[in-house]
Amino acid sequence: MPILTCRYKILFLYNLRNCFTFQNQRCLIPYGTTTTIRWYNANFQAVQNNFSDYKNELISSHRPEASSLLDFLVKDQKKSGDISLHTKFNLYVDDLLKKSEKGQIKKFINDIKKDLATESQLPLSAPFKDESTRTMTDPQVLAYIHQSMPYQYASLYSVLTDLKIVNSDVSCKSQHILDCGKGPGIGALASYSVFPTPNSVSIVEENPFLKKIIYDIHHNIYPSTSPNPTSPVTLNRLPLGKKDSYTLVIASNKLLEMKSEKELFDYLRSLWSLVSNDGGLLVLCERGTKRGFSLIQRARTFLLQKSKNTSDKQFNAHIVAPCPHDGRCPIDIENGVRANICSFKQHFFLSPFSRLYVPRSHRRSSDRSHYSYVVIQKGITRPLNNTTQRFKNDEDLLENVNVTSPTLKNWPRIIRPPLKRDGHVIIDVCDSDARLRRNIVPKSQGKLAYRLARKSAWGDLFPLEGKVQSTSPSSKITKHLKDASSTYSINPPSYNKPKVERNTTADPIFVGKRFYSTNRHKAFSRFADFNSHRFPCIFTSFSCYNCISGTRKYSRQYSRDKFHYNQRTTIYYLVAISIFALGLTYAAVPLYRLFCSKTGYGGTLNTDQSRMNAERMVPRKDNKRIRVTFNGDVAGNLSWKLWPQQREIYVLPGETALGFYTAENTSDHDIVGVATYNIVPGQAAVYFSKVACFCFEEQKLDAHEKVDLPVFFFIDPEFADDPNMKDIDDILLSYTFFEARYDTNGNLLTKLN
């Protein structure tokens, strides 16, 4: 009992020491705890001396607080999200932007945004190339710095921090850094923040304006922010005469400038020749798009092939990060599947100059940099010890308290955001056997294991095996790259993959959109195998279908993307329907008039010229006569009179007839009128064919003038054969005159008053 009491006191005091801020051993805490603080100050030194003994006792008793492996996985490998450029850098760039012409800078910024949008939309087969800084004007350089410098710095800072974690020896060596990246020596700036002061720094840049910016930043600004400044050397081109001289070569956002594969491979050969044979490192970093990852994938394959094709051991190479293996990349980007790339994100705070030339509604204080990268070490092969070492439960995590650099290189890496569900965590990793694995870590696996899974993040090392695992289909040939001595094969196609048999253990988890469910698939497979002898046709076909497709279970991010896609699609359809309805509204009147004139619908006289022939103008004497009644009227205030000279005419179907109307101008001035007509009943209009009449023609009558207007017509013989017309004995032909009006161009305006 006294031992436990002392132990709890020590633990309480240690936690109290971590929770409060001290200034000359005075705690900034409320007044009510002064008694406790006096006792704490008196016993502080004794607690500090006894705490190391207590920690060793915890290690021996397997308590989780002392596990250095857990400390590494949960704390040490975590990257800070509080990344930002130094204030003096921000002030310098802000001053450059304010002195330049605002219109040109804004134009080039919009061009860069359009290029980024075009890159994400174009397929990989389409040609695309970034503009090199060699041909940029001064405003273009400033626009590129405004758009890319914070993102590029955050990406490189994250990559170099990860490199320092995985390969701890790199910080102990004498550093000779060569920065070949795009921009004002951003790789060198990031290396200053991660590694100790290097022995030498060289920056490759040809643009005169960028060289001036590099000089101002690295010679005037950086020395005032660092206790041990290093003056870099600016080079116009790669120093090919200094082969095997640099321990760290950084090339960021450069591969997209290459016009062809030959130029890309020549550039990679030149970079590789500059890397030191004694464990030198080559860092390649591009934007986290499909095209950027494709270039990183090509460079990775090419350099590994180059090292395998040489027998000299000093040219051996292996991947330091992010891949835990040197085999073929298991991610097949050619399928065009969403999220089918290996990329990572880094949170950072935007610089003040990044908010210039940005609408107020789009301004924000932080953002995320999306990038793909690879770090290759030259002259050293991958360590083979502990390649199969994995941890499954809390006891394994507590037994392994030592973390070494060779072990970290073979640990799986999380390649997608973990899916943290209620009671379990789903984690997708790239493993050391060149396969993609999905680990499901439930609460029942252990408190420490579940805590580790909940604390894991995208890009972390994750050596813990889940209680449930699914493996992507793979083959032995993916562990070794195919020899390509004559031609350089970049990510060769999958024709070497073996056929998947029915009883294979590979799960179709990584086929299709993104993820698939495994539990229901496995449960039904067992049920189908048990009952397949009873219903062979049903269960065999369903099992084959399930093995190929599986039951889809998308992540929350995919569900959100799908919702936004459906929302946008619905909006597009509504807009298209609205435009179509508006156009149909304007076209309805002339279309209806055309329809009526062709068919006679709605009482409109039939004007189809194909019916006006002599063969149809033959009377049907065996049919009854139809009485045609005439009517005349004028519209509005038109000072005319219109009346038919005959009230009615009896005609046979097919018999022609001639009728007359009389129009009189009763006013004291000349008037131009236009007549329209109608047929009643409307269904008979299709058979009422008009050969000649005065409708829709401008009729000018002088003051008090009177004229006769003829109407020559016949009823189509098909009228007698239509059963719907057998009860129709009377047809009314009505004409209406209205005054003609004209616009400023002399065109007739048909307006009824």
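A Cβ is built for glycine as well, from the same backbone N, Cα and C atoms used for every other residue.
Binding of [4Fe-4S] cluster is annotated in Swiss-Prot for C323, C329, C342; the matching candidate from C285, C430 at the same site is C430. Within 8 A of the CB centroid of the [4Fe-4S] cluster site residues C323, C329, C342, C430, the other residues of that chain are P322, H325, P330, I331, R413, I415. Over all protein chains present, the Cβ of C329 ([4Fe-4S] cluster binding site) has 20 other Cβ atoms lying within 10 Å.
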